[in-house]
């Protein structure tokens, strides 16, 4: 067989084989005159989701082809197509439970991966916080000190401190490397702690300011190095259910007095957002994911100095936010959600209706393009993250849905429910991708690691489960 024939045969044989999953082809678009139009694109070679771009005309996504999807335009019209890049990396669907970890003696109420995804913490009704070793999937530290249920936990944006808020009215700080308590509990609230939020890393790379909200209708901002309260924000007239610290330095608080208040970082009231007819339960910011991960991105790069990582966090935040203001969504006991741009207006941009029972949890996708809401009506609903327009229902749960969380590439959503299952949803198809049974009872808490390789879930059966691809 001549050499060139053998070579051709070998190439043909390679071409027949299925392409290894995840292989990328670099494509450079050029015009007929040889001018490069735009940067080289990394296109996945496999055709399951052939484009890391999605294309929109007006508000409608082009799914099949321009001709089919745009009936009302004549061929004479100029069509403006808006393209949006999707995540350049892909998260694989978690499909199996790799560990079921016992240890907590009461329900697991919260679970959270650290900003770089290297550590996992859980808070429980047994008054302890546990830190788990993700490499061996074994318990690492049990953090004791609280006298009541641990209702919320929050990692500092540099991953060096873990905060926990409890029924015992205190906030505690822990060193996750040693499992030791950093001093005694932070006292001041007169009722239990409902939510915690750290100041974003790009605003404060020392990561030493923490806001806690409480049933006592106040929010306290603590200096975690000096371990003292910097200010108390007290203009709500009922329990504060949720606190968020935004990327522009604004603090957002939701309350059972039906309002959301916006404060600047020195504790001055900037706006009151009104409209809900009942308790406001939950808030989500379009910037949540980029603020949560700070300087850590999907490449896993480490920075030599604090200045460098602060600059990296700021660059990531700016690139994500672009020229648009931060968006806020609130979910309430009145079955509705409101979509706000608090930086520009105190009027809601839109009211999002459709749930038939209270809205328990809302969450923006990491790329800010979708909003998912979980409700006691057993449905998860999907909304447009730019406009708040309703996109569709994700139906399948047979009990209240407590929490949702996104994969870091925004292509999948996970929900945990009272029906004891986790369900994984394919956002593009708006269909269920996988059902993940395994828990013996209600699933209260679920988190997807920022790197996308692991999911942790916990609930009433006291077990922590770790799921992988």
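Heads up, residue numbers simply count up from 1 along the chain you see.
Just so you know, glycine gets a Cβ as well, placed from its N, Cα and C.
Noted in TrEMBL for the protein shown:
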REPEAT    101-142  repeat 'WD'
REPEAT    143-184  repeat 'WD'
REPEAT    186-232  repeat 'WD'
REPEAT    233-264  repeat 'WD'
REPEAT    352-393  repeat 'WD'
REPEAT    394-435  repeat 'WD'
REPEAT    436-469  repeat 'WD'
Here the stretch out of 101-142, 143-184, 233-264 with the most C-beta pairs under 8 Å to the repeat 'WD' (436-469) is 101-142
Within the same chain, the residues 6 or more beyond the ends of the repeat 'WD' (352-393) and with Cβ under 8 Å of it are 59, 84, 86-87, 278, 281-290, 320, 327, 329-339, 399-410, 413, 415, 417, 419, 425, 427, 430
Across the repeat 'WD' (101-142), the model's average pLDDT, rounded to a whole number, is 94
